[in-house]
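To keep things clear, I will list the structure first and then write my remarks on it.
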Amino acid sequence: MLRLPAVLRQMRPVSRALALHLTRAYAKDVKFGADARALMLQGVDLLADAVAVTMGPKGRTVIIEQSWGSPRVTKDGVTVAKSIDLKDKYKNIGAKLVQDVANNTNEEAGDGTTTATVLARSIAKEGFEKISKGANPVEIRRGVMLAVDAVIVELKKQSKPVTTPEEIAQVATISANGDKEIGNIISDAMKKVGRKGVITVKDGKTLNDELEIIEGMKFDRGYISPYFINTSKGQKCEFQDAYVLLSEKKISSVQSIVPALEIANAHRKPLVIIAEDVDGEALSTLVLNRLKVGLQVVAVKAPGFGDNRKNQLKDMAIATGGAVFGEEGLNLNLEDVQPHDLGKVGEVIVTKDDAMLLKGKGDKAQIEKRIQEIIEQLDITTSEYEKEKLNERLAKLSDGVAVLKVGGTSDVEVNEKKDRVTDALNATRAAVEEGIVLGGDCALLRCIPALESITPANEDQKTGIEIIKKTLKIPAMTIAKNAGVEGSLIVEKIMQSSSEVGYDAMLGDFVNMVEKGIIDPTKVVRTALLDAAGVASLLTTAEVVVTEIPKEEKDPGMGGMGGMGGGMGGGMF
């Protein structure tokens, strides 16, 4: 008989040795003060220099090597920032912090990443310089944030709402690097699906850009399991002419889904299951049949929570001509499903993050009735959150989905153009949301006088305000520099001109920016400055930087091979 305590005693030394091995981390390298800041600043400079060349209408492209496929050619600031990974760990920390600025700006505003990057570099550089001369970094940061708050108030005063399709086209054109075709196509898309409608960007199959309006619904829930993927072109599941099973309840048992699968199989149609959740035996069976016999099925979690989920499922049922199982007041069981209970759609696209139901076969009169119900709810609700959700539902039911198909002669060209189209689309949405200000980063220059009215508590806070005053000139100077002219002279001339005059870098002339349609979304400018100041001023307060020292791998040597070679040599001769 095996005695457990004796076995455990024998294993104890092994366990201790193993635990030590598992918990041991890399050794750390620690740098203090000026040494650490100098290295971080080098990383900030490297990243900012790479991103800054893309700025403005005459900015250059950046070619990025990829681990697979062709190199990527882009003018998109956040794409360039994300691609940079430095060997030196201290430099890399500086670069990664500014990378975060670009990412945050991109996520919140969808554009303005290059502006955010050059602003962050300027604040960090000026801050480090002042700290090296004995200034207090915490007070400098307070001064910086005081100045940023004043600039944001001034930007809101300058901001004008976007009202006409022409203004929408102008914003999109500027963000697309002056491409009027992209500007017009985005303006058309917004006109057709509404300002809050769903607009997606895809690869086209022709040389020209195309706009397609598809009647359908998109929601932010992807496939439950990646085993449902049925195409090699991207991680997604695509079906044509499919049935849709909708359930308010969780589906766990196989018996619940077999009748619907049999109906879909009998009619030779794929089946899309949208439920609160699909798990247990039901999910295992679906995945197994998908892999073994190629069953055309995909399971997706229903979007939203509580009443919002119920409403969205009901919208889907009306749009597709189906029924919602588990709905209160309806005595429908999944086991008793009939063909008329299943919704019908012309096309389904499901990725890991979202799903699109396109060309629904629902009754037009029922859809119109549902739209009117939502409009009535909009009129009586006072909650901003409720209004937002109702508008989303309204857009999905009434306007459909606009698909921008980007054309080109090669994958490299299409990908570069897609970056610009996505930027332009995001900028346009931001402009519709918060309005527009002067473009070419002239709006930041016009905010400089507002800093004079701030009363700092001490000299170091005053230094922080001066840093922002100097920093606000940097984006306009960078645009001018990329156009081949002296940035400081251009900025000086803009400051001496009337409030609506700025520099048109494409034409190399001073013009009325509003009349020329050179405008920026207020949200983009505001977010770029706020994110840059927050991270860069925090960077200047760093006194110690800790990094890991990678463990050196021992060279196993080639002794065995050498011996083998010798033996083979002897044999051959």
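Keep in mind that glycine also has a Cβ here, set from the backbone N, Cα and C atoms.
As recorded in Swiss-Prot, the features of this protein are as follows:
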TRANSIT   1-26  transit peptide
BINDING   Lys75, Asp111, Gly112, Thr113, Thr114, Thr115, Gly440, Asp520  ATP binding site
MOD_RES   Lys87  N6-acetyllysine
MOD_RES   Lys125  N6-acetyllysine
MOD_RES   Lys133  N6-malonyllysine
MOD_RES   Lys202  N6-acetyllysine
MOD_RES   Lys205  N6-acetyllysine
MOD_RES   Lys205  N6-succinyllysine
MOD_RES   Lys218  N6-acetyllysine
MOD_RES   Lys236  N6-succinyllysine
MOD_RES   Lys269  N6-acetyllysine
MOD_RES   Lys352  N6-succinyllysine
MOD_RES   Lys352  N6-acetyllysine
MOD_RES   Lys481  N6-acetyllysine
CROSSLNK  Lys551  SUMO2 cross-link
Just going by other Cβ atoms within 10 Å, which of the recorded positions Lys75, Lys133, Lys236, Lys481, Lys551 has the emptiest spot?
Lys133
Diameter of the ATP binding set by C-alpha atoms, the set being Lys75, Asp111, Gly112, Thr113, Thr114, Thr115, Gly440, Asp520, in angstrom
17
Quick one, of the modified residues Lys202, Lys205, Lys218, Lys352, which Cβ has the fewest other Cβ within 10 Å?
Lys205
Local backbone state of Lys269 (N6-acetyllysine), from DSSP in three classes:
coil
Rank the modified residues Lys87, Lys269 by the number of other Cβ atoms within 10 Å of each Cβ and report the first-ranked residue.
Lys269
Around Asp111 (ATP binding site), how many other CB atoms lie within 10 A of its CB?
32
Which has the fewest other Cβ atoms within 10 Å: Gly112, Gly440, the binding-site residues listed?
Gly440
Closest of Lys87, Lys202, Lys205, Lys481 to Thr115 (ATP binding site), Cα positions, modified residues only:
Lys481
Relative to the Cα of the residue listed as 'N6-malonyllysine', which of the binding-site residues Lys75, Asp111, Thr113, Gly440, Asp520 has the closest Cα?
Thr113
Give me the Cα-Cα distance between Lys205 (N6-acetyllysine) and Lys75 (ATP binding site), rounded to a whole Å.
23
